[in-house]
Structures are given as C-alpha cells and as structure tokens.
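In what follows, a structure is listed as structure tokens, so that the remarks can point back to it.
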Amino acid sequence: MVNECNQNATGQYSTVEGIDTIASGIAAHVEGYQANATFNAAHAEGSATTSSGSASHAEGYQTLASADTAHAEGNTTTASGSASHAEGYQSQATADTAHAEGSSTVASGVASHAEGTQTVASGLFAHAEGEGNTASGRASHAEGGGLDRLNTPSPNLASGASSHAEGVGSIALGFAAHAEGGTISITGSPGPRAIGDFSHAEGQSTVAIGSPSHAEGLDTVASGNAGSHAEGQSSIASGTSSHAEGLHTHASGPSAHAEGAYTLADGPFSHAEGIGTLADGPYAHAEGEDNISSGEASHAEGQGNNTTFTASHIMGRFGDADEAYSWFIGNGTSSTVRGLGAKWSGSTFDMYIDGMYLSPAADHAEMFETADGQSLDVGYFVTVQEEDRIRKATSADDFIIGITSATPGFVGNSAGLRWQDKYVTDEWGRKQYHEVTLPAHQDNDGHLLIPERKEMQPLLNPAWDADREYLPRPKRPEWVAVGLVGQIRVRDDGSCVTHGYCLPNDEGVATSADHGFFVLKRTGANQIVVLLNNVPGQTGR
C-alpha cells in the first residue's frame, strides 16, 4: 500500500521505508530514497538503487543488482551476473560470479575480477587490476598499466589463456605467456610482447614470438621456436632453440649462439662471439674481431680472419684459410694487405712457416732403429749395419752417420703421430688419394643442414689396424735419435782438445785424432761438443 512518503510495499511480506521506495517482490526490503526491490527476497537501500534479481542487494547511489544473488554497492555500479559483485564507482560485474571494484572497471568474464580503474576482466576467471588494463584470456592476469614516461596512457593486455601482463604497455598474447616491464613512449614503441605460447618477454620493448621463447633486456626479439632466447640490447634469436645476447647480436641458425656485439651466428649449431664476427657455416665458431667462419665445423679467431673451408682453423690477423682440415696463422697487416704466417696442411700433412724455427737445442736429428733391437744411450758415434739399422761405431768404420742425441732441435723420421705405413704411397713415398662421398646431414625434423658432398682423402693401407694401439718411435727403446748436423755433445776418453779433431774409438767414444770431427769445446771430464756436418776435416779416414 502507498502512504504519505510514497512507500509502496506491493510484494507479499515485503517491507518498505524511506521516500519514494518500492518493494514489489515477495519478502523484499527497501529503504532510503527512490529505491526499488522488484524481486523476491531482494534488498535495495540508499538512493535510486534497484535490486531486481532474486535475493539480490543494491546499496549506495544509482546502483543496480539485476541478477539473482547479485550485489551492487557504491556509486553507479551494476551487478548483472548471477552472484556477481560490483562496488566502487561505475563498476560493472556483468558475468556470473564476477567481481568488479574500484573505478569504471568491468568484470565480464565468468568468475572474473576487475579492480583499480578502467580495467576489464573479460576472460573466464580472469583478473585485471591497476589502471586501464585488460585480461581477456581465460584465467589471465593483467596488472600495472597507467602512464608511460611521457604521461601517455599505456595499459597492459593479457589476451592469451593463462597469460600474465604487467608493467607498462605490456602485451601477453600467447597461451600461458608472460609479459612484464614497459616502454618509455608507447607511441614510439610498445612495451614487452609475449606472442608465442609459453613465451616470456621482459624488460623494455622486448618481443617473444617463438613458442616457447624468452626475450629480455632492451629491444630484443626471440622469434625462434623451441626455446629461443634473446637478451641484452637489440639482439635477435630467430633460429629454433637459438640464443642471442649482448649488443645487436643475431642467432639465426637452429641452436645457434651469438654473443658480444654485432655478431651473427647463421649456421646450424654455430657460435659467434666477440665483435663483428660471422659464423655462417654449420657447427662453425667465430670469435674475436671481424672474423668469418663459413666452412662446416670451421673456427676463426683473432682479427679480420676468414675461413670458408671445412674444419679449418685460423688465428692471428688478416689471413685467409686456403684448404679444409688445416690450421693457419694469419699475418696480414690490414683488411686489404692480407697474408699467412704459418700453415699446417690437412691433405699433405706438411707444415709451412714464413719465418724461422727457433730452438734452444742445436742439432738436426733423425730416428734410426738399432740393429740388435736394444736401446742405445746418448753421446755415442754410430754407423749403419743391416741396411738402415745402426750400432756403435768403432775405429775400423769408414762411415759415421752421427751421434746419438739427447736434445735434438729437430727430429725427422719420427713417426710420432701414426704408423709410418698408415696410408698407401707410391714408390717415392707420396700419399695416394681417392674421392669420398660424404652423406647429407639433417636435423630431427628432416630439414637439410648440409647437402651431400665429395672430398679427396688419403687412401688407407688395408694393413692398418685401427684397433691396435700405436706406440710412437720416440717412446720405443729400439729407436734412437741420431744427430746428423750441428753442435752436439759426445762422450770422449779425455784426450780430445778444443779446436782439435776427434774420431770414434772401438767403444763409439771420441778420441783425439789429427783429422775427423772438429771439437768446439770441452763440457766435462768425459764430454765434449763437436760440430757435425758429415764432412770430417783433414780428408776423413
């Protein structure tokens, strides 16, 4: 019934109080000014509030609770979802069980939560907080926002399911993506963007595109899939599972790694580091300054060096490798005046040097095998027996090969690295070669990394046994280093004099003579230094 205050309790068991109030629902309750409770068990209070849902509650000023069990409070709020809750100023909870609070917030996703100011939680179970942020993905979370350094609005967006965006101007688009950090000017460059599924972008204006990728630092981009990672400043990791770090680096090959400054790792599984280096060969490694390693499994280091050949290695400066499986030292003076100082050839096994070999030792020696198969101590004159095998020289021998040497400066015929007959040779000892086809290499996804190619390799001797352990000649007792040319110590019987001559006695020990080998000096009671040149003085014997 209506009374003098225009109170209207038209619903059964309803209660009204205040002025211009209406309780039309069963057991409804209205109080205040121009409040309306139009559904069963609804409650409206305050000023110009409306509670139209069953068991709903509107309070404050111009609030609306229009869904069952909804609750609107504050100023001009709306709770239109079942069991929703809107509070604050101009907040809207439009989905079931949604919650909007603060100022001008919207919770439109089921069970979503919007708080702060001008935030929107539109995804299922989403959460938006801060200023101007939007959480539109299922179970997403956006926080922070507000203004950039130039006072331009820079809200965050979490649109991917289970994504998280925080900071200033950040965007999380991918599934379970995470963007955090910000930007100085949103109009010039957006904040971090996590675009790929499971991606993570953090810092300033970074982009994580690959799934799952990670970009951090300043202006970095991780666009490769399968865990690419870019960090530092303006670095790009575009290869699958690649890693770029430092300043303006780029890892474009699969599983490539670029670090330092202005480096590029373009080959599969390549590595570029230092400054201005390029590793564009498969498995290549470039380090130092302005080096290029474009051959498969090649390595360039130092300054301004280049190798385009497979498995070659160059160091030094301003040099160019010129064959595969070899080692080089660059020795140029500039990028236009290039050269090499040393080279070891992988095809011929030869060593080149543009300079001198220096050694504290004096004599040039070669390895000889003893005739009796036993060891022979140093400091004895020796001669040949049974073709090229040696024994101690005696006073009756017309030809002296040399002296067994303890510290030769150079040793030939050493076979120190392999069996002498490992490779097939011609009658002059030159290695023979044959063409070998090397198979193509593919990654796990079937992508071609290295095409099929051909190369020349030394021909293996069928008698060579790869499973048999090889003992180098210098480690075998029956092989002895014999000094042939140079200054060398020899045992003597005490009779030799400085600047005189000597010859071997019957024990291979030096004894004074009027011709023979020139004595330089005495170094002990029974040791002298002689000059070997294989041309004994005073006409020999």
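Just so you know, glycine gets a Cβ as well, placed from its N, Cα and C.
Quick look at what TrEMBL lists:
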REGION    72-113  region 'Disordered'
COMPBIAS  74-95  compositional bias 'Polar residues'
DOMAIN    100-124  domain 'Trimeric autotransporter adhesin YadA-like head'
REGION    130-163  region 'Disordered'
COMPBIAS  151-162  compositional bias 'Polar residues'
DOMAIN    158-175  domain 'Trimeric autotransporter adhesin YadA-like head'
DOMAIN    201-225  domain 'Trimeric autotransporter adhesin YadA-like head'
REGION    209-261  region 'Disordered'
COMPBIAS  222-243  compositional bias 'Polar residues'
DOMAIN    230-246  domain 'Trimeric autotransporter adhesin YadA-like head'
REGION    275-308  region 'Disordered'
Checking distant contacts: for the region 'Disordered' (130-163), what same-chain residues at least six beyond its ends satisfy Cβ-Cβ under 8 A? 109, 112, 114, 116-124, 169-179, 182-187, 191, 194, 197
PLDDT averaged over the residues of the domain 'Trimeric autotransporter adhesin YadA-like head' (100-124): 98
Counted with DSSP (H/G/I as helix, E/B as strand, rest coil), the region 'Disordered' (209-261) has 0 helix, 18 strand, 35 coil
